[in-house]
Amino acid sequence: MNISETLNSANTQCNIDSMDNRLHTLFPKVTSVRNAAQQTMPDEKNLKDSANIIKSFFRKTIAAQSYSRMFSQGSNFKSLNIAIDAPSDAKASFKAIEHLDRLSKHYISEIREKLHPLSAEELNLLSLIINSDLIFRHQSNSDLSDKILNIKSFNKIQSEGICTKRNTYADDIKKIANHDFVFFGVEISNHQKKHPLNTKHHTVDFGANAYIIDHDSPYGYMTLTDHFDNAIPPVFYHEHQSFLDKFSEVNKEVSRYVHGSKGIIDVPIFNTKDMKLGLGLYLIDFIRKSEDQSFKEFCYGKNLAPVDLDRIINFVFQPEYHIPRMVSTENFKKVKIREISLEEAVTASNYEEINKQVTNKKIALQALFLSITNQKEDVALYILSNFEITRQDVISIKHELYDIEYLLSAHNSSCKVLEYFINKGLVDVNTKFKKTNSGDCMLDNAIKYENAEMIKLLLKYGATSDNKYI
């Protein structure tokens, strides 16, 4: 078996273990080692080829881990009876990637059988989509790049203890478990207009910066919608209203769930190789069902421009592309779509933008307040370490509903930030709230939220409570 076959074998671990055993047997018999008389240095091409084989292997291994987590833990896959068993040890099997390929083929076969045979105009549209180039758009308020773009999955961010705003929620993790993937919007790219063509995904503005890559991943997967929330929003939420003004009936038809034959949670999923074919076939299925004749004629027009094709695809669907674990590349483009607000910079821990905007103490106090209300411990400590904040400054911070003491002791608030405020005399541990929960104090909050660390901290600094029910 050659190196390439060995690295890509599903039994790679067995091969490695077997080799280890042979080496252990051999080592005691070795009495001396010397260089051969002639030693050929590997040329640059061989070194590069070897490096690419190793990189490809590690990329596949990481993808196997991400897919194994998704297909074994996501409750929706279990409900559909398409889940796989979790690995028996820490090593994920390449079978998880093979499972993706089988599911992709299943959804392609399902829609192909439904549509057979295709008309000439349908074949023309399908060919147009398959032969189109795609770009993938990730939006964020974070500063994700210098010379290299680095985007990490929510799971990797958590594992590294990075503090940032989350766009992954409990139900995503419970039902889909795709939190070890990086998410991208999908656009048609072979046109002369400036990228990105779209700045929202499923009605959501995910950030002021668009990071665009024009290369896919051999182990990525695509869904026609958000993988968890597979409902296409009503037409008035869509971004390009001037395009939609051309049509009437289809605007009433577009809001729907996109799913396979097993019900709403049966979300079609395609590997990278099949994704354009899947996108084209499902689009044809929608067009066939539509009663909007003008929309049909527009879609099947012989001179359909790439931008118009993108408008159609991101109206009928809103495709989402997913790359396992992490994207790290020098081949990207960063586009500033709009300005970033101070609150967005704070919640994204975007220190470059924070430093641009926080030019005096007044703005620093705003940033401090935003970091406390959004429970951004890292940014709060950063502001406190770079500005001399006084008790009078803290008193000047106003909130319509909450006292600063309440916010410092609210659910999931930072003990480090609270202790800094206490040590510097910026708050008194026994100050009673005047607004929400009037008459209570920080210790009452800590006890109510069962925050043992905060209770211990407040008692250490002499906190008391008059609440007889505690």
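From the backbone N, Cα and C atoms, a Cβ is placed for every residue, glycine too.
Per Swiss-Prot, the candidate among Asn124, Asn167, Asn331 that belongs to the NAD(+) site alongside His138, Gln139, Ser140, Leu144, Ile157, Phe183, His201, Phe206, Asp226, Glu320 is Asn167. With respect to their backbone Cα atoms, Phe183 (NAD(+) binding site) and Asp226 (site 'Important for catalytic activity') stand 9 Å from each other. Counting residues of the repeat 'ANK 2' (399-431) by DSSP class, helix then strand then coil, yields 14 helix, 0 strand, 19 coil. Recorded residues Glu320 (NAD(+) binding site) and Asp226 (site 'Important for catalytic activity') have their alpha carbons 6 Å apart, per Cα-Cα distance.
The least crowded of the recorded positions Ser140, Ile157, Phe183, Asp226, Glu320, judged by other CB atoms within 10 A of its own CB, is Ile157. Mapped onto three states, the DSSP output places Phe206 (NAD(+) binding site) in coil.
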